[in-house]
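Asker: Starting off with a structure, shown below.
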Amino acid sequence: MNKTLIINAHPKVDDTSSVSIKVFNHFLESYTELIPNNETIEQINLYDDVVPMIDKTVLSAWEEQGNGQQLTDEEQKVTERMSEILQQFKSANTYVIVLPLHNFNIPSKLKDYMDNIMIARETFKYTETGSVGLLKDGRRMLVIQASGSIYTNDDWYTDVEYSHKYLKAMFNFLGIEDYQIVRAQGTAVLDPNEVLQNAYKEVKEAASRLANK
């Protein structure tokens, strides 16, 4: 059975004035109408839920786990939460990430989230010939991203749009090769309504593709 995981990386989790949230809501409305009633949709809100970052506590916990040492209560709590996030991610086979573009890159909490799911022997493994993704079982990824500028004109802005490059490369690395991005771009320089309508059309098509695959 298909399970869809929504990864909301917008700092204003349910801000209805947010362009990326508007586009996501349009997607979700179409998607839920198309999928069977028994399919599961889960959502993690990265700025509301606890998403551990790699800090002193996490590094110490990893070192102690490697040495077979007992963890402190704080270390135990944080590693258990990281495991929960990882298992939730692995249990899904369709993913939708919602984010605004922040200074040409992903929001900081999304980077923290990536550090929770990119775990050796869980989502990738090391081999003599290099790293290999372990999620090569037909999983699908849709990224919904809003930005004030336009990043597809093959100019300077295209070169420095690191969020899309990073996400696509990392999920391909994990084995998720069915990757699509829908951009609501140019909100600061184009007619905002036109930007929204174009994005609505794209996410509706994406919803149909994901629901029927």
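Residue positions begin at 1 at the first shown residue.
Using N, Cα and C of the backbone, Cβ positions are placed for all residues, glycine too.
Annotation source Swiss-Prot lists FMN binding site at Ser18, Val19, Ser20, citing sequence analysis.
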Asker: Could you tell me which of these binding-site residues, Ser18, Ser20, has the greatest number of Cβ atoms within 10 Å of its own Cβ?
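Answerer: Going through Ser18, Ser20 one by one, the largest Cβ count within 10 Å is at Ser20.
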Asker: Ten-angstrom check, please: count other Cβ atoms within 10 Å of the Cβ of Val19 (FMN binding site), all chains counted.
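Answerer: Step by step: centre on the Cβ of Val19 (FMN binding site), count other Cβ atoms within 10 Å, giving 22.
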Asker: Around the FMN site recorded as Ser18, Val19, Ser20, what other same-chain residues have a C-beta within 8 angstroms of the site's C-beta center?
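Answerer: What remains near the Cβ centre is His10, Asp15, Ser17, Ile21, Lys22, Val23, Phe24, Val98, Pro100, Ala146, Ala184.
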